[in-house]
Amino acid sequence: MFEQPIPTLRRDGEVVHVLDQTLLPFRTETVALRTLAEAAHAIRSMQVRGAPLIGATAAFGVALALADEGADDATLAHALATLGATRPTAVNLHWALERMRLALQPLQPAARVRAAWAEAEAIRADDTATCDAIGRHGVRLIREIAARRPGPVRLMTHCNAGWLATCGAGTALAPVYAAQAEGIAVEVFVSETRPRNQGLLTAWELRAAGVPHILIADNAAGLLLMRHEVDLVITGADRIAANGDTANKVGTYLKALAARVAEVPFHIAAPHSTLDFASADGAAIPIEDRGADEVLHVRGEAADGATAELALAPAGTRAANPAFDLTPAALITGIVTERGIARPGELARLYPEQAR
Ligand SMILES: CSC[C@H]1O[C@H](OP(=O)(O)O)[C@H](O)[C@@H]1O
């Protein structure tokens with residue numbers, strides 16, 4: 001089983017320590033969450049980010065709320081509503097909160113705190129296992145390419161869907177880590193992913209793991225695909241509708257378009273907690289709009305090692321900041337799940353109990 005180099009989330013009694021991803025890749029620090037407000041802030045501010053990880057964090061946030069404020073119906077309802085309002089697109093968050101509600105609502109308040117910690121731990125363990133399974137299934141795609149041609153298998157990914165985004169090996173990067181473990185040579189083009197530059201987190205992960213990678217500007221992806229310098233594109237997802245339409249970090253759709261024109265396979269990797277059969281298609285998926293400041297500023301490390309935030313445009317410049325976009329199922333070659341690789345329209349066959 002994949003061991004996270006640093007736990008993205010670690011419980012210590014009634015405190016939950018999370019890796020503060022707003023400080024990466026320059027500083028590695030954790031934040032201690034003790035209250036509902038601290039858990040909600042961690043998700044909203046993206047100290048904790050990544051669809052599966054924000055689901056698990058929200059689950060632990062419910063446990064923190066009940067331990068801190070009591071476990072009556074009103075406190076439980078307030079905790080679920082507060083955490084549910086933090087970010088709209090990643091369905092994992094809402095899946096985890098619904099699972100906590102179903103587990104806790106029927107209980108007497110006196111039994112809820114212990115049960116909340118247990119359910120949150122179960123959600124975390126579920127994600128760890130599903131990441132490993134996604135790696136086992138997804139590595140087949142890489143193995144097949146390696147068998148066809150000499151040299152490293154050249155992948156492209158967008159944003160960060162590695163271990164940082166989950167409680168385990170990651171989703172899009174889980175097959176990469178599995179390929180590395182099998183001794184298959186790979187090289188990953190890592191798209192920087194403006195405006196929050198989560199691609200820098202992917203580069204940080206891959207560098208630490210010794211996986212060869214090349215950081216690219218988002219807009220360079222099309223040329224690399226057109227030049228057939230990429231064998232496979234694989235990304236994560238925040239919500240997959242019943243027909244396979246997929247919401248993922250903004251910029252994913254453009255890569256899927258370019259991959260289709262270049263006839264390069266485009267895969268999504270995601271666990272069951274990212275599937276949303278209640279949304280018939282992409283039109284039903286809420287797309288998060290984040291603040292303009294994320295577009296108008298960039299954070300980095302100055303020559304003296306201090307982290308700095310710089311303005312990119314004059315004050316008063318207007319900016320739009322949709323955090324996700326939608327990739328139509330027609331542009332997706334396959335979806336790598338913990339139950340296997342499915343064509344976008346076949347998810348109900350793979351998950352009949354969820355599709356009902
Ligand atoms: C393992 S999927 C992670 C998924 O979540 C990211 O979004 P954010 O960084 O805003 O939480 C991105 O869309 C990734 O693909």
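Glycine too: its Cβ is placed from the backbone N, Cα and C atoms.
Automated prediction, rather than curation, is the source of TrEMBL annotations.
According to TrEMBL, the residue from Arg11, Arg27, Arg87 that belongs to the substrate site alongside Arg49, Gly50, Ala51, Gln198, Asn248, Lys249 is Arg87. Long-range Cβ contacts of Arg49 (substrate binding site) within its own chain (separation 6+, distance under 8 Å): Gln21, Ile43, Asn160, Leu164, Ala165, Gln198.
Same-chain residues that are not part of Arg49, Gly50, Ala51, Arg87, Gln198, Asn248, Lys249 yet have a Cβ within 8 Å of the Cβ center of the substrate site turn out to be Ile54, Ala90, Cys159, Asn160, Ala161, Ala165, Gly236, Asp238, Ala323, Phe324. Using a 10 angstroms CA-CA radius around Cys159 (site 'Transition state stabilizer'), the recorded positions that qualify from Ala51, Arg87, Asp238, Asn248, Lys249 are Asn248, Lys249.
In this view, Lys249 (substrate binding site) is surrounded by 24 other Cβ atoms within 10 Å of its Cβ, with every protein chain counted.
Other C-beta atoms found within 10 angstroms of the C-beta of Asn248 (substrate binding site) number 29, with every protein chain shown included.
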